[in-house]
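Annotated signal peptide per Swiss-Prot: 1-27, in sequence order, evidence recorded as sequence analysis. Per Swiss-Prot, disulfide bond is recorded for CYS50-CYS56, CYS165-CYS175, CYS275-CYS313, and the stated evidence type is similarity to another entry. Annotation comment: Swiss-Prot describes ASN65, ASN216, ASN252 as N-linked glycosylation site. The region 'Disordered' annotation in Swiss-Prot covers 307-333. For 320-333, the entry in Swiss-Prot reads compositional bias 'Low complexity'.
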Amino acid sequence: MVSKPLFSLLLLTVALVVFQTGTLVNAEDSEPSSSTRKPLVKIVKGKKLCDKGWECKGWSEYCCNHTISDFFETYQFENLFSKRNSPVAHAVGFWDYRSFITAAAEYQPLGFGTAGEKLQGMKEVAAFLGHVGSKTSCGYGVATGGPLAWGLCYNKEMSPDQLYCDDYYKLTYPCTPGVSYHGRGALPVYWNYNYGQTGEALKVDLLSHPEYLENNATLAFQAAIWRWMTPPKKHLPSAHDVFVGKWKPTKNDTAAKRTPGFGATINVLYGDQICNSGFDNDEMNNIVSHYLYYLDLIGVGREEAGPHEKLSCADQEPFSSSSSAPPSSGSSS
């Protein structure tokens, strides 16, 4: 027979094992965060480099800063996109916080949301998502919650009127027979050549399977962040560069009224489709409104957006012509 003290000890041991197992399971089910994990640090040629594990890995100076999950949590994502799963939305159950954070992890070592102090990171996330929200919204003037609450309502263009196949690129990015290259994703991708370039960057065959962007939310966010981080042409800056101050305007840029800030991100992404058309451009103002609204909801406040002339590209000469940019209309068309 087992003595009472020994039996009690066995029960305590079993209870402890069960408790620890339950704790591990709960930890795995919780949202990922790097805030409680100390980074690995090494010095290379006098420069401090860090690795924070899954969210910011690969020894980067940017990984020494706050990661996105440190300042942008699930509840904030839900606040920004509060109507995305409403019954009248067109991508119910598709978009979620985890997909965004997983996608962002690929680009945080490159500075996405991690270039500079925490405030700078919060502003960049709001700026990027401001573009996303405006391009995937089904909001309108009298919509419940207001027109700015309906971002991520779409994940694809609902009624495309063409296949968006440009035969000029038939040698480099040939169209797959019967496939439509209409808008899909968080920053909707259009045209065979854009699907081809994006697929090459993400190592996914989007040219043959553009539908992947409407089937996988993480991939859809990755494609959008890649576009945000990548110059549209070799001699141009990226939207990320012009927003975080990495881009330094030349004399020609200054003469063309192109200055760093949110307005320049619109210029990089959409060029002459939107910019240099005055302050009454509805599409431009819609993008700016989403950014300001998201700054408020994320906890930064629109007063941190800077002077009005830097918020828009109303009088900026375009970085690029429309031939290098996708259609500026969102995927709700």
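Even glycines carry a Cβ here, placed using N, Cα and C.
For the disulfide-bonded residues given as CYS56, CYS165, CYS175, CYS275, CYS313, the lowest number of other CB atoms within 10 Å of the residue's CB is seen at CYS165. Checking each of the disulfide-bonded residues CYS56, CYS165, CYS275 against ASN252 (N-linked glycosylation site) by C-alpha distance, the shortest gap belongs to CYS275. Cβ crowding, taken as the number of other Cβ atoms within 10 Å, peaks at ASN65 among the glycosylation sites ASN65, ASN216, ASN252.
Nearest in space to CYS275 (disulfide bond), taking C-alpha to C-alpha distance over the recorded positions CYS56, ASN65, CYS165, CYS175, ASN216, is CYS165. The recorded positions shown are ASN65, CYS165, CYS175, ASN216, CYS313; of these, the one with its CA atom nearest the CA of CYS50 (disulfide bond) is ASN65. When the recorded positions CYS56, ASN65, ASN216, CYS313 are compared by Cα distance to CYS175 (disulfide bond), the shortest distance belongs to ASN216.
All protein chains shown were included, and the count of other CB atoms within 10 Å of the CB of CYS50 (disulfide bond) stands at 21. The recorded positions shown are ASN65, CYS165, ASN216, CYS313; of these, the one with its CA atom nearest the CA of CYS56 (disulfide bond) is ASN65. Recorded residues CYS165 (disulfide bond) and ASN216 (N-linked glycosylation site) have their alpha carbons 23 Å apart, per Cα-Cα distance.
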